[in-house]
């Protein structure tokens with residue numbers, strides 16, 4: 001059962017369109033049909049009344065008043081089997097003349113009807129109607145079919161009442177004309193039955209037209225789906241921007257996404273290439289050290305720090321490239337709130353272990369209220385690179401201070417090292433540029449730090465420290481949306 005449902009649900013756009021339009025057509029057809037039928041019924045009643053009134057006028061002209069009695073002489077050309085029956089009453093409601101003697105029908109005429117012109121209906125048993133129309137064989141066959149379906153069925157007869165005022169030759173008369181053929185057997189009544197057939201035929205004709213309309217209307221979507229399949233099969237690079245107005249925005253955004261993903265792929269590929277290139281130097285140093293050990297030119301104790309330093313460098317480079325490869329331009333920055341002091345404590349603790357032999361003395365002057373708004377890894381990456389450089393080039397002391405405004409976070413790192421020449425203070429942030437080429441490094445740490453701070457609309461400013469070395473001021477922007485502690 002579930003497999004069968006999956007074949008039909010969720011419904012395709014074409015099926016949804018067909019069902020919706022078919023429902024609209026059905027409702028409108030029913031509404032228009034009902035209005036037409038009701039209008040036809042009203043028109044039919046008026047037409048029937050006019051015909052019966054004409055019959056009444058005919059009998060009024062044939063009527064003669066002699067010796068206080070009413071005489072009606074029917075011409076020979078009048079069909080005695082006429083589908084109407086005429087009754088003539090005086091002003092007191094007394095029956096003066098009847099075309100035929102049908103007692104049950106005469107009893108159905110209400111006295112109130114005789115007072116004014118009007119159109120009425122009477123209900124008769126199907127057997128009584130059959131006796132009334134005993135001379136019409138075709139009607140008898142139809143009544144027999146009705147009787148077979150429902151022996152207690154009732155037939156409806158139309159009645160027209162016309163009042164004629166008194167004249168010099170004729171007293172006031174009321175002529176009642178009864179249509180002996182039931183409304184149910186008239187062809188006009190069959191319109192209700194034919195309506196179902198017409199509606200069905202209408203739907204059978206409309207649905208194919210709706211299918212064609214759906215096919216033509218949804219062609220742009222089918223073309224888009226085809227292009228997406230070609231993308232999956234790597235047979236095209238972008239979607240065709242020449243599409244309908246409604247799909248233009250979707251196609252444009254999808255093309256942007258495709259370009260972004262392609263750029264990301266290119267970035268991964270470039271990152272792998274850069275990583276491979278950056279590992280050549282530490283690997284070459286490791287190979288050279290191993291050869292020296294094998295030839296006993298270097299002792300294990302002398303080789304160990306060199307190898308550990310290179311292994312550490314390899315680990316740092318791998319971590320750096322993995323992190324950078326996962327970053328995407330235009331990505332929304334996290335708005336998480338992180339206290340600065342604990343993050344810097346963790347970093348300085350790790351750096352003290354790394355530079356334990358050097359004996360670096362790191363001091364922190366950070367207020368507990370100062371916080372960073374953003375991704376924690378970004379903060380650690382930036383400050384890790386800046387502090388690593390400070391520890392690497394300092395003689396002994398590294399000082400860290402911070403301050404915060406509504407819009408920015410300022411962190412200052414100072415050391416007592418050789419400092420940075422004025423001419424190099426901008427170059428050091430370029431990828432691959434280094435001030436001291438004698439020390440190990442790839443010249444990417446500060447470049448990475450600058451790229452991350454620029455994502456926060458910030459920057460890193462290199463200057464001269466009061467300690468005699470370098471002063472690096474790291475500025476993080478986008479701090480105005482920081483949530484406030486309650």
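The backbone N, Cα and C atoms fix where each Cβ goes, glycine too.
Since we're looking at a predicted model, the values are computed, not measured.
Listed in Swiss-Prot for this protein:
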TRANSMEM  17-37  transmembrane segment
TOPO_DOM  38-194  topological domain 'Periplasmic'
TRANSMEM  195-215  transmembrane segment
DOMAIN    274-480  domain 'Histidine kinase'
MOD_RES   277  phosphohistidine
BINDING   385, 442  Mg(2+) binding site
BINDING   385-393, 415-420, 434-446  ATP binding site
With DSSP assignments reduced to helix, strand and coil, which class does residue 393 (ATP binding site) get? helix
To the nearest Å, how far is the Cα of residue 393 (ATP binding site) from the Cα of residue 385 (Mg(2+) binding site)? 12
Inter-residue C-alpha distance, residue 385 (Mg(2+) binding site) and residue 418 (ATP binding site) (nearest angstrom): 18
Can you tell me the mean pLDDT for the topological domain 'Periplasmic' (38-194)? 82
Residue 389 (ATP binding site) CB neighbourhood, other CB atoms within 10 A: 24
Taking the Cβ of residue 418 (ATP binding site) as the centre, count every other Cβ atom within 10 Å, in any protein chain shown. 14
All chains considered, the count of other Cβ atoms within 10 Å of the Cβ of residue 393 (ATP binding site) is 19
